[in-house]
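Chemist: Sharing the features that TrEMBL gives for it:
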- G3, L4, D5, S6, A7, G8, K9, T10, G49, N109, K110, Q111, D112: GTP binding site (BINDING)
- T10, T27: Mg(2+) binding site (BINDING)
Amino acid sequence: MLGLDSAGKTTILYKLKLNKIKTTAPTVGFNVETFQYKNVKFNMWDVGGQDRLRPLWRHYYPKTNALIYVIDSSDRSRLEESKRQLYKVLNELNTNITTKGFLLLIFANKQDLKNSMNSKEISEFLELKKNLIDEQLFAVIGTNALTGQGLIEGLSWISNNFKTQ
């Protein structure tokens with residue numbers, strides 16, 4: 001699970017694993033948790049999103065089956081930066097033989113905040129349909145990490161599509 005700092009990655013990870021909100025600090029390095037959903041074992045890595053940590057992201061790519069990229073949909077001032085980072089990651093993943101055919105799930109997080117863009121607006125902003133290779137399966141789902149809104153929908157999408165790959 002990748003995304004810029006403060007997007008909500010760690011909150012999402014522990015909401016999915018423990019079904020509760022855990023007090024978090026900025027992730028320096030990574031958190032990793034394993035859990036099962038619909039007969040699919042998720043080994044989820046939450047990697048710190050600060051600028052100085054992003055060059056290390058590529059070390060977590062090998063054997064990636066699915067990428068969850070988290071965007072703070074309420075922070076419009078950082079959307080362009082988030083888009084740039086997403087496409088950098090996608091380019092690196094698509095050129096790595098061990099990650100061919102990975103699933104891409106975008107969590108448009110913080111839907112509870114009044115300035116947030118909905119999943120359709122985020123999808124249009126990211127221009128995924130225009131820029132992804134034809135075989136790339138992707139989904140953009142609006143989420144609220146605090147309430148869990150959209151998180152199970154995202155896991156269901158991954159588990160349903162992972163079985164068909």
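A Cβ is built for glycine as well, from the same backbone N, Cα and C atoms used for every other residue.
Note that TrEMBL annotation is computational and uncurated.
Give me the local environment of each listed feature.
Modeler: Counting only residues at least six positions away in the same chain, the Cβ atoms of P26, T27, G48, G49, Q50, D51 sit under 8 Å from the Cβ of D5 (GTP binding site).
In the three-state DSSP assignment, the secondary structure recorded for T10 (Mg(2+) binding site) is helix. Within the same chain, residues at least 6 positions away in sequence whose Cβ sits under 8 Å from that of T10 (Mg(2+) binding site) are K22, T24, T27, N31, D46.
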Chemist: Looking only at G3, L4, D5, S6, A7, G8, K9, T10, G49, N109, K110, Q111, D112, which the record lists for GTP, tell me the maximum pairwise CA distance in angstrom.
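Modeler: The widest Cα-Cα gap among those binding residues is 22 Å.
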Chemist: Which one, from the binding-site residues K9, K110, has the smallest tally of other C-beta atoms lying within 10 Å of its C-beta?
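Modeler: Output over binding-site residues K9, K110: least Cβ neighbours within 10 Å is K110.
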Chemist: Just how many other Cβ atoms lie inside 10 Å of the Cβ on G49 (GTP binding site)?
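Modeler: Total other Cβ atoms inside 10 Å, all chains included: 24.
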Chemist: Tally every other Cβ atom lying within 10 Å of the Cβ atom of T27 (Mg(2+) binding site).
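Modeler: There are 17 of them.
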Chemist: With every protein chain in view, how many other Cβ atoms are within 10 Å of the Cβ of G3 (GTP binding site)?
Modeler: 24
Chemist: In the structure shown, which of the binding-site residues A7, D112 has the fewest Cβ neighbours within 10 Å?
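Modeler: Comparing Cβ neighbours within 10 Å for the binding-site residues A7, D112, D112 has the fewest.
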